[in-house]
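Taken straight from Swiss-Prot:
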TRANSMEM  2-22  transmembrane segment
TOPO_DOM  23-442  topological domain 'Lumenal'
CARBOHYD  ASN128  N-linked glycosylation site
CARBOHYD  ASN192  N-linked glycosylation site
CARBOHYD  ASN295  N-linked glycosylation site
CARBOHYD  ASN350  N-linked glycosylation site
TRANSMEM  443-463  transmembrane segment
TOPO_DOM  464-480  topological domain 'Cytoplasmic'
TRANSMEM  481-501  transmembrane segment
TRANSMEM  503-523  transmembrane segment
TOPO_DOM  524-543  topological domain 'Cytoplasmic'
TRANSMEM  544-564  transmembrane segment
TRANSMEM  566-586  transmembrane segment
TOPO_DOM  587-591  topological domain 'Cytoplasmic'
TOPO_DOM  613-618  topological domain 'Lumenal'
CARBOHYD  ASN616  N-linked glycosylation site
TOPO_DOM  640-649  topological domain 'Cytoplasmic'
TOPO_DOM  671-685  topological domain 'Lumenal'
TRANSMEM  686-706  transmembrane segment
TRANSMEM  724-744  transmembrane segment
TOPO_DOM  745-786  topological domain 'Lumenal'
TRANSMEM  787-807  transmembrane segment
TOPO_DOM  808-824  topological domain 'Cytoplasmic'
TRANSMEM  825-845  transmembrane segment
TOPO_DOM  846-858  topological domain 'Lumenal'
TRANSMEM  859-879  transmembrane segment
TOPO_DOM  880-894  topological domain 'Cytoplasmic'
TRANSMEM  895-915  transmembrane segment
TOPO_DOM  916-931  topological domain 'Lumenal'
Amino acid sequence: MLLFFALGLLIHFVFFASIFDIYFTSPLVHGMTPQFTPLPPPAKRLVLFVADGLRADTLYELDEDGNSRAPFIRNVIIHEGSWGVSHTRVPTESRPGHVALIAGFYEDVSAVAKGWKENPVEFDSLFNESKYTWSWGSPDILPMFAKGASGDHVYTYSYDAQREDFGAHDATKLDTWVFDKVKDFFDAARNNQSLFTKVNEEKVVFFLHLLGIDTNGHAHRPSSREYKDNIKKVDDGVKEIVSIFKHFYGDDGKTAFIFTSDHGMTDWGSHGAGHPSETLTPFVTWGAGIKFPQNVSAQQYDDEFLKEWRLENWKRRDVNQADIAPLMASLIGVPFPLNSVGILPVGYLNNTGLFKAESMFTNAVQILEQFKVKMTQKKEATLPFLFTPFKLLSDSQQLDILRKARSYIKQEKFDEVVSLCEELIDLALRGLSYYHTYDRLFLGINVAVGFVGWMSYTSLLIIKSHSNIPKGTRKEGKKPHCLLLYSFIATGVLVACFLMIQACPWTYYVYCLLPVPIWYAVLREHEVIQDLVESLLTFPRSHFVAYLLVFTLGIEVLVLSFFYRYMLTAGLIVFAGWPFLTQLWTRAKITFLSWAFFSLLLAVFPLMPVVGRKPNLSLVMGAGFLVLLLSLAVVTTLGKRNIKLVKGELLVLLLQMLSTVLSMYVVYSTHHSLLKKEGLPLMNQIVSWATLASSLVAPLLSSTALSQRLASILLSLMSTYLLLSTGYEALFPLVLSCLMFVWIQVEQETLQQPGVSCKQKLTSIQFTCDTDIAQFRQLCPDDIRRAFFLVFFLLTAFFGTGNIASINSFDLASVYCFLTVFSPFMMGALMMWKILIPFVLVMCAFEAVQITTQLSSKGLFLVVLIISDIMALHFFFLVKDSGSWLDIGTSISHYVIVMSMTIFLVFLNGLAQLLTTKKLQLCGKPKSHLM
């Protein structure tokens, strides 16, 4: 059986990894020829300001007094330059946002798993194409463009990462540091001939990354005074830097300025998803080569923003974020970034029709180059008779469009050139997408076939080893087995040869060959299949249909809960009424009334708001007091039942209660310290980490008696959970644990069925009891319900307090008791542990259910595995590659979550067994005893 689980884990890792090869492969290609506009550029230098985390509405709108928060930028919009909204794509994070701005392509999703701060995939950027680039700002952003540059012409100046502290007194210092360093730089340039020569060259870029607004947004929310004051500070800084440039270069009119943001921010201070507050960012540009403000009476945009911002009289020109890279390249005359998919927004250019036409033609050729390289790569890796080219853009069509465009330029039909080039770019981008997803259907079918085969084999294993289906007596010769084996070997060889001829990557061999041994294992069990068919034929058809409908409905409820959290509420309401429909409640009315009460109480949580809530310390404190009351109730109950606690175990229980009190104090103290902008107290940080470290050890010091050990696990994990809570979610594990304890009692009551031994008292059950394998019974239909309950409770633990499929459901304030300095991996790990704590509580309860129902954990686990795999197959087919970027990202994340859950179940099961069955001795004392 151990071999089966090891193979199962390996197979699920393959299925999990397949999504990265099918949907998460790098779209980048290499080997293109650089393309640049063959005319003198309007600017010699470009200054790029990126205000990290700045929302478009917060910058453009007027305050309560009717004044702008950024008067200099607003003056630019009205008197000097052009403006609009830059539309970002999901994920709205700093790295993909800057890659889109500076390199012109959207986040290479294959890089997500490889690194947060540096993009490990080689790509070209505006900085690489420039003669010199000087950049100032965050150490998280600048290095990835410097390391990706060829040569040493990209210079970076970063502050220490420790400055990125969400609990710091004043995050605007991050921005003033940048402005001060730029001023020092130009002071030094006046006295350094070598540097003076460099900054006076053409094709030079200055990049100012301003992180203060983002940091203040995370720490205080975008509606806060700190966030809005930071915008004013940035505006003042930009005004001063512009003045320095004009003074240094003698106001030569050869400097272009761009002010924008990498992403916005939600009202609750997070970003990453596709809410308009995250995807709508400001874009203001002025200076050399930029069109002056244009008064208009009507605009093409239907939204109400223009009236709210009182900018309806000034021409608004929206862009996609990747379009900014070709605009910057055009302004200073450098080659367009090789991997850019941005479309030059010619409406921003203040230049001749010829310059606009030539720039647009260059843009089209640059994107067409990528299409041609991608097509060549795919053609070379596919058998000629199997290759299907992109029909909308054949070689002859490419030549026709390019000749036509060049002819229009000679005839000075510049508007027609722009339209024709936009059409060519659209076709080339569609062609790029076509070749990028060329193998998707082929790989998808292979993975799906493997999935179905695995589920079939697992089902047959359950029927063979854990069911009462009668086995037929047949005598089979070895010949059919040999024939079957040789057939599958031949199939595998043919598949391998086919892949070898096409020079496919090694991962393709894994996805295409994996179904072969799986289906061989399925068809080898043809005797079990025959027994199953014969048994089903004797089973009442109406009962079979009813069971199938209930099972299908249950699976669909689980799947729908990923999209609609209220489906969990509906399920819990059904759970509450289940005992009353089956007459079970007449056996133990208090138990089943408790079951109904806690089911309905837990059903409230999925109806609560996912995010956007303000910190509510009173609810966290309330949860802490309830934990203390519960622990006192446990001690009292044990005393009433004459259960003696060993001195050491009583001490552990008291220390766990003290840990809960300390956690409450740390949460309260940290919250008020951050409000006063005094940062995270060191003692609070030490206590928090010590509590986290002890939470997995303390339960091992308690008694292994079922109720005592479960209470100890809850107390330990709740201390950590309180430290990671900011509001109502602190109550969630408490209510969930109460329901789990009642679930154990409910499952005991269901044992009063014919053929099942009488139940034991919970107080007499030990997690460490040596159960004879002969006592394990075979699976029955009720066990499928138990497995379904487990999966449902796991999903409730997952989505009960938020939709973690969306990255912006995370509130960074949750980790402020542990750290406030920006550290994505450490913060992510703490968030993950917060998510896993309810999981662990459910799995520990499931361990108890298995013991009380005398059921083999292997048999029940296999049923859970099948339910999870059916859900995973659902989401595999629901993955989208079209529609909004939010829909695409969400559909992929759902599949990843289910597959992760299936894989994690094995590890969580092991962790639950460790927490429930292992016992550490204190000073050589014996284990607790019952009286």
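From the backbone N, Cα and C atoms, a Cβ is placed for every residue, glycine too.
Positions of the features from Swiss-Prot, shown on the structure.
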residue	record	DSSP (3 states)
ASN128	N-linked glycosylation site	helix
ASN192	N-linked glycosylation site	coil
ASN295	N-linked glycosylation site	strand
ASN350	N-linked glycosylation site	coil
ASN616	N-linked glycosylation site	coil
Segment proximity, the transmembrane segment (859-879) to the transmembrane segment (544-564), 3 or more C-beta pairs under 8 Å: yes
Same-chain residues at least 6 beyond the ends of the transmembrane segment (566-586) whose Cβ lies under 8 Å from its Cβ atoms: 557, 560, 592-593, 595-597, 599-600, 602-604, 606-607, 746, 749-750, 789, 792, 795-796, 799-800
Pairwise CA distance, ASN128 (N-linked glycosylation site) versus ASN350 (N-linked glycosylation site), rounded so that it is a whole Å: 25
From glycosylation sites ASN192, ASN350, ASN616, the one whose Cα lies nearest ASN295 (N-linked glycosylation site): ASN350
Tertiary contacts of the transmembrane segment (503-523) (same chain, 6+ residues out, Cβ under 8 Å): 11, 14, 17-18, 21, 380-381, 439, 443, 446-447, 449-450, 453-454, 456-457, 460, 484-485, 488, 491-492, 495-496
Other parts of the chain folded back onto the topological domain 'Cytoplasmic' (808-824), taken as Cβ under 8 Å at six or more residues beyond its ends: 92, 116-117, 140, 161-162, 164-168, 215, 218-219, 266, 268-273, 275, 278, 610-611, 615, 666-667, 670-671, 674, 679-680, 684-685, 688-689, 692, 723-726, 802, 830-831, 834
Structural state census, the topological domain 'Lumenal' (671-685) (DSSP three-state): 9 helix, 0 strand, 6 coil
Site of maximum Cβ density within 10 Å, from glycosylation sites ASN128, ASN350: ASN128
Composition by DSSP (helix, strand, coil) of residues within the topological domain 'Lumenal' (846-858): 9 helix, 1 strand, 3 coil
Most Cβ neighbours inside 10 Å, all chains, among the glycosylation sites ASN192, ASN295: ASN192
Other parts of the chain folded back onto the transmembrane segment (825-845), taken as Cβ under 8 Å at six or more residues beyond its ends: 116, 692, 710, 713-714, 717, 720-721, 724, 732-733, 736-737, 740-741, 743-744, 790, 793-794, 797-798, 800, 804, 810, 812, 814-815, 818-819, 904, 908-909, 911-912, 915-916
CB contacts for ASN616 (N-linked glycosylation site) [other CB atoms within 10 A, all chains]: 15
Highest-contact recorded stretch vs the transmembrane segment (895-915), from 443-463, 481-501, 686-706, 724-744, CB pairs under 8 Å: 686-706
Same-chain residue ranges lying at least 6 outside the topological domain 'Cytoplasmic' (587-591) that approach it to Cβ under 8 Å: 742, 745-746, 749, 752
